[in-house]
Amino acid sequence: MKLGLTFSDSDVSSFTPLVVLELAYDTKAEAITWLLNRIRDKQQNGGAELLVDQVLFPAQDGQKSNPNVFVVGSTLQRLLNGAEDVGLFKEFQDDTMRAFTYANRESFKDFEGDGQTFLSEAECQYIIKHELDTLRAKTEEHVPGYPKLKLYPGKSVVRRLQSKGVLVQYFPLHNKEDLKRLSFSWYKKIKLSFQPLDDIKCYFGEGLALYFGFLEYFTFALVPMALIGIPYYLFDWEDYDKYVLFAVFNLVWSTVFLEVWKRCSATLAYGWGTLSRKKAFEEPRPGFHGALGFNPVTGREEPVYPSSKRQLRIYLVSVPFVLLCLYLSFYVMMVYFDMENWAINIYHENPNFATGILMFVPSIIYAVVIEIMNLLYRYAAEFLTDWENHRLESSYQNHLVLKVLVFNFVNCFASLFYIAFVMQDMVLLRQSLATLLITSQILNQVMEAFLPYWLQRRRNKKAHKRMRRLMGDKELPLLEQVQLETEMNTYLGTFDDYLEQFLLFGYVSLFSCVYPLAAVLVVLNNITEVYSDAFKMCHVFKRPFSEPAANIGVWQLAFETMSIIAVVTNCALIGLSPQVHAYFPESETRLILVVVAIEIDWFEFVRSCWLV
């Protein structure tokens, strides 16, 4: 890519723009000059030693466009040195994966000539992000032009500007040709085959590739459940008591599923060079604040926030708030049961087609309310976690995931547990599970696939017309690309995607023995999910920075916890079945003890198998 502008860097006439950096419209000129000089300055002087220049957009509809948009690139020499700085793993001549070093560059596979094709574009953009993030203040006490924007030696400049809104955004540019090839092999051809995970990894990075790898693995792992569920549904549809065999299969499947995935994940991570990669030292989050003090680990001056104060916020505010939300969820659940009883009574008084349809209305309304409550709670959880003022991004994510998972689990599954183990009504359990699953999938498909597709097409058409009207016959494809991508939505990570799969895994592993078509519906959902998520990544969202990952992180623990709950649930459902009750006609306590013993023996058996 080449930008048709005059560049300020004297040693090059043009460069390949890789990253877009946008400052606020009213940013002070001295702050801009200071930041650009720091980006361009030599490493030995504390700079990033990158190439940067301004992008000037034409005025739009009589209004001035933001003049503070810049493109950032780098020389090949700087990128190779940066690859060593970030600890990039590459394949060595002896077929092992080793950390790249510039001195031994020619001993690595795929390093040919001057190494022009050695690094993928995603890796180059990740290196540039690393260099920008580690650009630190030297002797400056504040950002030039902003006396209140305090700095201290060692403070990350980019994070400071981000936290105060001076730096609006920075993101990697899409590569039109590579994106076109990836789109064609990924989602433009409807086919039954594996996803091009290596190509996804090269374009978007390991973190996103692992998500799509998990989505693919989960979908294929559900196929046996779906194939068994269809005939089971057809032949035992009205006999809800004959679910013991399917519950046993469900129990085995939910246990084996995640153990096999760990091996698949490790295989992918090893091939991508992230399995043995050491995690970089974490910098404080952009939003972290506190009184200026000294970090006892690094010895640098930085904001310090008392851990005791954070714990008080967590236990005196966040925990009570979560408990209050759980109480509201239970209250809404009881209202749903009242509506269910009302609909059943009407049907019994006057059984006809209309009242038969009415029986499904409470479940549909409850499913919609669940989705709305999950959405509202998500915003509240993010606000609370921000307010807790976590220093590290990993700590922030762990607390956010915990809050969201606890509420979503109770909100989505509490009614099913109540029906199964308190009411012990397998007919109503099947109906509620089917309605919740189908309604949530329809809502997710509308919100995640159709709506983003329609909005993006509309936005792109308007932008194209506006650019053509302003530029006339001039061809500036990259200028138009930068303009379009600055207006695209920002991808917020895989959190929501993993959360959706977590809930679907729960629906299948917990109660699908009473509704065998659950796995079939999830397979169909995930097939469309692959194509809709692929389209969104390629055409709706800005390109995210590559994030090295060796596994799916905290979500592995979340799925394993759900798997343990699934084992207990399926064993309990087996214990409730009339077939098993027939063996214990006079001793309910003995039956409970046998079920608990089976659960304990099962966990011990699984643990011993995987240890071997």
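Glycine residues also receive a Cβ, built from the backbone N, Cα and C atoms like all the rest.
Taken from TrEMBL, the feature domain 'Anoctamin transmembrane' applies to 200-599. As annotated by TrEMBL, transmembrane segment applies to 208-231, 243-261, 314-337, 357-379, 400-421, 433-455, 502-524.
Taking every listed stretch (208-231, 314-337, 357-379, 400-421) in turn, the largest tally of C-beta pairs under 8 A with the transmembrane segment (502-524) is reached by 208-231. Tertiary proximity for the transmembrane segment (400-421) is limited to same-chain residues at least six positions away from its ends with a CB under 8 Å from its CB atoms, namely 318, 322, 325-326, 329-330, 333, 336-337, 366, 370, 373-374, 377-378, 381-382, 384-385, 428-429, 432-433, 436, 495, 499, 502-503, 506-507, 510-511, 514, 554-555, 558, 569, 572-573, 576.
Through the fold, the transmembrane segment (314-337) approaches residues 362-363, 365-366, 369, 373, 377, 380, 384-385, 387-388, 399, 403, 406-407, 410-411, 414-415, 418 of its own chain, all at least 6 residues removed from its boundaries and within a Cβ separation under 8 Å. For the transmembrane segment (243-261), the list of distant contacts is 214, 217-218, 221, 224-225, 228-229, 232, 236, 426, 508-509, 512-514, 516, 556, 559-560, 562-563, 566-567, 570-571, 573-574, 577, 579-580, 602, 606, 610: same-chain residues at least six beyond its ends, Cβ to Cβ under 8 Å.
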